[in-house]
Amino acid sequence: MAKFVFNVIPNVFFTGTIGGVPCILLARHGRKHDIMPSDVNFRANLWGMHSLGAKVIIASIACGSLQENVKPGELVFPDSVFDRTTGRKSTFFDGSNPEAPGVCHIQMHPAYNEKLRRILMGAATDLNLKFHDSGFGICVEGPRYSTKAESRVFRSWGANLINMTMMPECALAKELGIPYATTALVTDYDCWRDDEHVSMELVMKTFKENAHKAKSLFVETVKRIADEDWTEEIATMKKAARDAVMVGPEVVIKHLEF
């Protein structure tokens, strides 16, 4: 029986199989995409995935590009993230859940699981999808888009992408000891270019055109994930997460046992 906490909404989860592999699909923004980025209950979503038995997590995000060479319609497999959000619950270890006692100083390098990233890139290569094998995104609070000044500053920092949901999702997965990686679907050039401006119409048009890429990529990736032994990887991540929690060794943290 799954144990839902953090006010989870159970109907955002869909369970089934892909190629015979048990899978859980999460509608991050709700079934009707009616939850704005700041209001997404990331803790409930991730704890719900854990409670339903998820062993690894692959995610997709729509992103704007901050660099000329990262073109709309392409994929990026980020290897890091810059968190510019301000109002989100970003840890399980805040005293609100007795199953997550103490304070967790989780290590965020690498931000994404390298084994999962390589599996995703291998699948993308075999599917002949155009992708970038590294890069980092700026995660902003939203729901508004950036000003031109903001976009150009982020670009000057060397960021490749801008998005509203990259964080705290990957940090929470780390606190659970779950390997996690994301696929960025580039939808637009944000607003730093003088000849092009971001709009919801443009974002949705490009996203829908590229949805089939994400679908085929994830179907292939799920098969490859199932072919791997994740025992050691998960144990390593759970140990790292447990070691990051500031409580005595006698305290049992059930979700980090391995």
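Quick reminder: no glycine exception, Cβ is built from N, Cα and C everywhere.
What TrEMBL says about a protein is an automatic prediction, not a curated fact.
As recorded in TrEMBL:
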TRANSMEM  6-27  transmembrane segment
DOMAIN    12-222  domain 'Nucleoside phosphorylase'
BINDING   ARG28, HIS29, THR165  phosphate binding site
SITE      SER146  site 'Important for substrate specificity'
BINDING   MET164, ASP188, TYR189, ASP190  substrate binding site
SITE      MET200  site 'Important for substrate specificity'
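Overlay of TrEMBL annotations on the structure.
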{"residue": "ARG28", "record": "phosphate binding site", "CB count, 10 Å": "17"}
{"residue": "HIS29", "record": "phosphate binding site", "CB count, 10 Å": "16"}
{"residue": "SER146", "record": "site 'Important for substrate specificity'", "CB count, 10 Å": "21"}
{"residue": "MET164", "record": "substrate binding site", "CB count, 10 Å": "23"}
{"residue": "THR165", "record": "phosphate binding site", "CB count, 10 Å": "22"}
{"residue": "ASP188", "record": "substrate binding site", "CB count, 10 Å": "23"}
{"residue": "TYR189", "record": "substrate binding site", "CB count, 10 Å": "21"}
{"residue": "ASP190", "record": "substrate binding site", "CB count, 10 Å": "25"}
{"residue": "MET200", "record": "site 'Important for substrate specificity'", "CB count, 10 Å": "9"}
Residue from ARG28, THR165, ASP188, TYR189, ASP190 whose C-alpha is spatially nearest that of SER146 (site 'Important for substrate specificity'), among the binding-site residues: ASP190
Alpha-carbon spacing, ARG28 (phosphate binding site) to ASP188 (substrate binding site), which is rounded to whole Å: 21
Cβ-centroid neighbours of phosphate site ARG28, HIS29, THR165, 8 Å, sequence order: ALA27, HIS33, ILE35, PRO37, VAL40, ILE61
Integer mean pLDDT for the domain 'Nucleoside phosphorylase' (12-222): 94
